[in-house]
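According to Swiss-Prot, the features are:
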CARBOHYD  158  N-linked glycosylation site
CARBOHYD  182  N-linked glycosylation site
CARBOHYD  258  N-linked glycosylation site
CARBOHYD  354  N-linked glycosylation site
CARBOHYD  368  N-linked glycosylation site
MOD_RES   17  phosphoserine
MOD_RES   627  phosphoserine
TOPO_DOM  1-41  topological domain 'Cytoplasmic'
TOPO_DOM  63-67  topological domain 'Extracellular'
TOPO_DOM  89-120  topological domain 'Cytoplasmic'
TOPO_DOM  142-192  topological domain 'Extracellular'
TOPO_DOM  243-268  topological domain 'Extracellular'
TOPO_DOM  290-304  topological domain 'Cytoplasmic'
TOPO_DOM  326-413  topological domain 'Extracellular'
TOPO_DOM  435-456  topological domain 'Cytoplasmic'
TOPO_DOM  478-490  topological domain 'Extracellular'
TOPO_DOM  512-531  topological domain 'Cytoplasmic'
TOPO_DOM  553-581  topological domain 'Extracellular'
TOPO_DOM  603-634  topological domain 'Cytoplasmic'
TRANSMEM  42-62  transmembrane segment
TRANSMEM  68-88  transmembrane segment
TRANSMEM  121-141  transmembrane segment
TRANSMEM  193-213  transmembrane segment
TRANSMEM  222-242  transmembrane segment
TRANSMEM  269-289  transmembrane segment
TRANSMEM  305-325  transmembrane segment
TRANSMEM  414-434  transmembrane segment
TRANSMEM  457-477  transmembrane segment
TRANSMEM  491-511  transmembrane segment
TRANSMEM  532-552  transmembrane segment
TRANSMEM  582-602  transmembrane segment
């Protein structure tokens, strides 16, 4: 077993001893918030972990990588990668009783960059994540009408036909790309601000501010709704979905295993990435949430419970989504068949009702035998239920195009639309609680505003600042900017941060010290499983996933999909290359948080090297005194 521990002088002076923890907890009662009860804490963590990615990415990956076969690598990596890191974040936050910045600064001053990296990543992800919530609110507002505005194409200016762009695509495509985003044909074509999206963005940030205005004191109340309502809606959708024609086609298609996919490296790497991102690890929010717990809270049990529910939710959502996708595919299959039947009836003047799906092939053969020349003139569509089911869509396309199209074909479609977007709103909002916590608490530790200022002011300034920056997402090119940030802000930086977190706890803080801390908090030491995963397995898996992502991103040209009515294959999306200046944006978005970790460590090393010996001795004495008094500023 690896027992390497790097030199870390002054650690005992920077962190409270185990004997002091209970006293510190009592002293914090009046100055630091605590959870009202265990349910608040668990619901908040679940809300942060279970987000929009569970709805629109996991089902896509399941379907793309062998259906039920994908569950095998997903569950294996859930156990070997997700749960150990979640347990580590819960335990270190509960032990050191600080936010992410304070935790890593306490472990070693040079690790302050790790907390800064988490804060920057939380900020950038929250920047675009709340824009998605604003889109959800726009669809929710438009759901309170009959018929739904994306049910039919609008008429053109002359009232003589449908708008050409809609007629060439579909009503759901047109409502999403034109009436919602009013999208341009390039990220370079910024266009103007769409006022309706700006108003929705303002509403989204206002709601978030009201829910996070006093930290866990307000979010702890909100999660009773935001973290439980999605499960109620999902269950309602499952019951409704299973009663729809063709729902079982989707579920069978989803879980039909293709075991050959298990031999593909991409399957395992995508499973590892999905486990990692679905837990919202490395944002700093989970560390902050756990720091408000009692010293003797059983963080091991919490991590296992949250992990099991998170994994169960991913599978549960996939079943719900593909029951609806199965219904949609069956509807499209029936429409396709109806078109072919009509073609045959009109071509041979057959009586209506004489041709059905069951006898269609037989009627084709009869017509072909009776008049081969006339039959050869007919053009039939290819109707394949598996082809319709295979049209895998992830991300916003699943929520705002595929699901909305399926909803329009349901009876009482406005009701189902309202329920669906309320569910998405709750999932997105509860995830944003963790992102805000990952920004607010580190900024408090940095003392960017005077300590006497109330938390409401800091939270308000953050919401206002991010709202103003978010104007870029309300431009005609806003969706392209959001996709860019989604691809790079919440991927490579999080992998680097998570790897550094585990390395720092195991080899800088010391895994033996960590084991003793946990034994003090929960009554027993972590077993051999946790030892092996923390020391070797989990860091190795994260390193492999990071290297894979890095190699793929560096070796491939950066491209993105655009919506261009002038494209010859419209309504298919067109893939084009990013302009060169986007590479600078990618470096800023992915590189700055990642480089903050070694950058601050180098800065600290140079500063300590240049410091006079007498000053260094005085600094250590000051730090020790401040730590004992609880006044240490990070």
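Just so you know, glycine gets a Cβ as well, placed from its N, Cα and C.
Here the structure is a predicted model, which means the values were calculated and not measured.
At the 8 Å Cβ threshold, with sequence separation of at least 6, the transmembrane segment (68-88) comes into contact with the transmembrane segment (532-552) through 3 or more pairs.
121-141 is the stretch from 42-62, 121-141, 269-289 with the greatest number of Cβ pairs below 8 Å to the transmembrane segment (582-602).
Here residue 354 (N-linked glycosylation site) comes close to 345, 363: these same-chain residues lie at least six apart in sequence, with C-beta atoms under 8 angstroms from its C-beta. Using a Cβ-Cβ cut-off under 8 Å and counting only residues 6 or more beyond its ends in the same chain, the transmembrane segment (532-552) has close neighbours at 1-2, 77, 80-81, 84-85, 88, 265, 269, 272-273, 276, 491-492, 495-496, 498-499, 502-503, 505-506, 511, 526. Here the topological domain 'Extracellular' (553-581) has, by DSSP, the following mix of helix, strand and coil residues: 4 helix, 8 strand, 17 coil. Ranked by Cβ pairs under 8 Å to the transmembrane segment (193-213), the stretches 121-141, 222-242, 269-289, 305-325, 491-511 are led by 121-141.
Same-chain residues lying 6 or more positions outside the topological domain 'Extracellular' (243-268) and placing a CB less than 8 Å from one of its CB atoms are 59, 62-63, 65-70, 72-73, 77, 318-319, 322-327, 329-331, 333, 385-386, 389, 410, 548.
Of all Cβ atoms in the shown protein chains, 17 besides its own fall within 10 Å of the Cβ of residue 182 (N-linked glycosylation site).
Nonlocal intrachain contacts for the topological domain 'Cytoplasmic' (1-41), taken as residues 6+ away from its ends with a CB within less than 8 angstroms of a stretch CB, comprise 95-97, 105-109, 214-217, 220-221, 223-224, 289-290, 292-295, 297, 302, 507-512, 516-517, 520, 531, 535-536, 620, 623-624, 627-628, 630, 632. Here the transmembrane segment (414-434) has Cβ contacts under 8 Å with residues 44, 46-48, 50-52, 54-55, 122, 126, 129-130, 132-133, 136-137, 139-140, 143-146, 148, 207-208, 211-212, 219, 222-223, 225-227, 229-230, 233-234, 236-237, 240, 280, 283, 285-286, 289, 399, 403-404, 407 of the same chain, all six or more residues outside its ends. With respect to Cβ pairs under 8 Å, the transmembrane segment (121-141) is most closely packed against 457-477, considering the stretches 42-62, 222-242, 269-289, 305-325, 457-477. Just so you know, of the recorded positions 17, 158, 368, the Cβ with the fewest other Cβ atoms around it within 10 Å is the one at 158.
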